[in-house]
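*Asks:* Sending over a structure as C-alpha cells; questions will come in a sec.
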Amino acid sequence: MPDVVKAVSGRVGRPDAYQAVAVPVVLVAVVATLLAPASTVGQVAYLVGFAVVVGTAWRAIGRPSAGGRGPWVMVAAAVTVWLAGDLLWTGLALAGHEPTVGLPDVLWLSGYPLLGAGLVGMVRRRAPAQAAAALQDGLTLTTAAALAAWQFLVAPGLATSAKTIEIVVGTLYPLGDIVLLAAMLYLVLSPGVAGRPTRLLLAGASTTLCVDVAFTLLPRFIAESDVDRLNGLLLLANAMIVAAVAHPRRDELVTPTAGTEVTLHPARVVFLGLAVLTAPMMAVTRGHLELAERVPLIAGTVLTIAFSLTRFTSAVHEQQRSQRLLSHLAGHDALTGLVNRRGLADRLRSGGYTVLLYVDLDGFKSVNDTYGHAAGDAVLTEVARRLHDAVRTGDLVARLGGDEFAILCVDLDLPSAEQLAWRLVGAVEEPVTVDGHPLRVGASIGVAGAHLGDGEELLLRADHAMLDAKRAGRGRVVLAAPPVGAAVLSGR
C-alpha cells in the first residue's frame, strides 16, 4: 500500500491536499466493502472510493509523459466505464429494476478491451522491436488459459437452463478475462524495466482476474452476500492499476528499452511446454468426452502447438541472424563499416591480389586533440567513404586501426597503383566539414607490389614504404622495392 499512497498524488514527498483526502477515502471504502458489502454504508463507501480512484486516473493523465498519453487514457477509460456500470446497476436496483443481464453488463464488459488496449500500447512503446516474441509466447499461454476457462467457467454455464442472453453474457466475462490475461502476458514477457509502477499494474490486473474467477465459482459454494465482499478486492485492484498510472516513475512502462533481447529462458520454455500439454492433460483427466467437448480441446492443442513452433522457429532464425552479425562484426570495422585487419588478413591468405597500398593520415592527431573524438570519428568515416569511392570495383579497402587504412588491388600494375595513390592523396586532402568547421588531414601512402612471399610480408613492406613517405615530408607516395631492394621515392 505505500506505493499506492505515494502514487495518488503523482509525486514523492509531502502529501498534497488531494492525496490527504483521497488515500484515506479509498482505504476506508475497501475495508467497508469487505466487511459490510450489502449495507448502505458499504455500498456508498464503495462508490465514493471508486469515484476517487477514477478521478485520480484522469488527474494523472494531465501530467507530461515520455510515451504520450494514449495508454494512460485507455486505463482511465477502463476504470471509468466500470464505475459507470456500478452506478447504473445501483440506480436500477434502487428503482426496483435489478435485471440479470442489462446495460451495466455492456459497460462492465467494455472495460476489459480498454484496459487490454492500454497494456498493449505500453508494450508497443517500450519494446517496439522485441514485442513479436513476447506476443507469440503470450498467445501460447493465453490459449492454454482459455481452455481452462472453457472447461471450468464457460462449459458449466452452458449446461444450465438459463436464457440464451444470460448464457452469452456469462460467456463474455471469461472472454474479457482472457483478453486481459493476453495483454498482461504480453507486458510481462516483453523486455523493459520492471519497477514499482510495473509491479503495481500487474498486481492490480492479476487481482482483477482472480476476483472475476472467484465471482464465477464461489456462488456455487457460498452465499451471494459473502460473494459481494469480493467487491472490496476489486476496488483495491482498480486502485493499484490507477496507482501505476499516477506513479512518479510511470514512464518506465512506455520508455523504449534498447539492446534487450527476448530470450528463451529455461523457465519460459517450461511454461510453454506446460501450455502445449494443457489440452492433452484435460482430455486424460476427463475420460470420455462428447463431440462438443472434444472440439475445443483439439482446437486448443493445434493453436498451442502452432504458436510454440512459430516461437521456436523465430528463435532459431534470430540465432542465425545473430551469428551472421557476429561473423560480420568479426571481420569489419564498427565505425566505418570497412573490412578490419582480420578481414584483410583473410583476404591476403586467399591470394589473387597484385598491389597493396598502406595509407596513414597526416595531422589526424591534431584534429582529435583540438575538436574531440567525435570530430575525429566523423573525419575517419568520411575518409573511409572517399577511399571506397575512389578505388575500383573489386578492390578491397580496410581500416587497420586508428588512422591507418589499407587498399588491396587486383590486376593492377605498379605505375597504375602509383597513380591511384596520388588520387587518394588528393581525395583525402579535401576538407571535411564537422559542425561548421572545415577540418583538414593529409595522407602518406606506401605502395608494395606482390612478390613471392606471404601476405604479412607484403603488408610489412607497404608499411615501411608509408613510413618513408612520412619522413619525406608527408602527403607523399613511396613505392616499395622488391624485398631485396630499397624503397624508391616518387614525387609529383
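The backbone N, Cα and C atoms fix where each Cβ goes, and this holds for glycine too.
Predicted automatically and left uncurated, TrEMBL annotations should be read as such.
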*Asks:* Which range is it, out of 106-123, 268-285, 412-429, that shows up in TrEMBL as transmembrane segment?
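*Replies:* The listed stretch tagged transmembrane segment in TrEMBL is 106-123.
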*Asks:* Within the domain 'GGDEF' (352-482), count helix residues (DSSP H, G, I), strand residues (E, B) and coil residues, in that order.
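*Replies:* Taking each residue of the domain 'GGDEF' (352-482) in turn, the totals are 59 helix, 38 strand, 34 coil.
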*Asks:* Please report, as numbers and ranges, the same-chain residues at least 6 past the borders of the transmembrane segment (20-38) whose CB is under 8 Å from any CB of it.
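*Replies:* Sequence-remote neighbours of the transmembrane segment (20-38) are 1, 4-5, 8, 45-46, 48-50, 52-53, 55-56, 225, 228-229, 231-233, 235-236, 239.
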*Asks:* Please give the sequence-distant neighbours of the transmembrane segment (44-61): residues at least 6 beyond its ends with Cβ less than 8 Å from one of its Cβ atoms.
*Replies:* 8, 10, 18, 22, 25-26, 28-30, 32-33, 37, 69, 72-73, 75-76, 79-80, 82-83, 86-87, 90, 231-232, 235, 238-239, 242, 245-246, 250
*Asks:* Can you work out which residues elsewhere in the same chain, 6+ from the ends of the transmembrane segment (135-155), have a Cβ less than 8 Å from its Cβ atoms?
*Replies:* 170-171, 174, 177-178, 181-182, 185-186, 188-189, 213, 216-217, 262, 268, 271-272, 274-276, 278-279, 282, 293, 296-297, 300, 303-304, 307-308, 310-311, 314
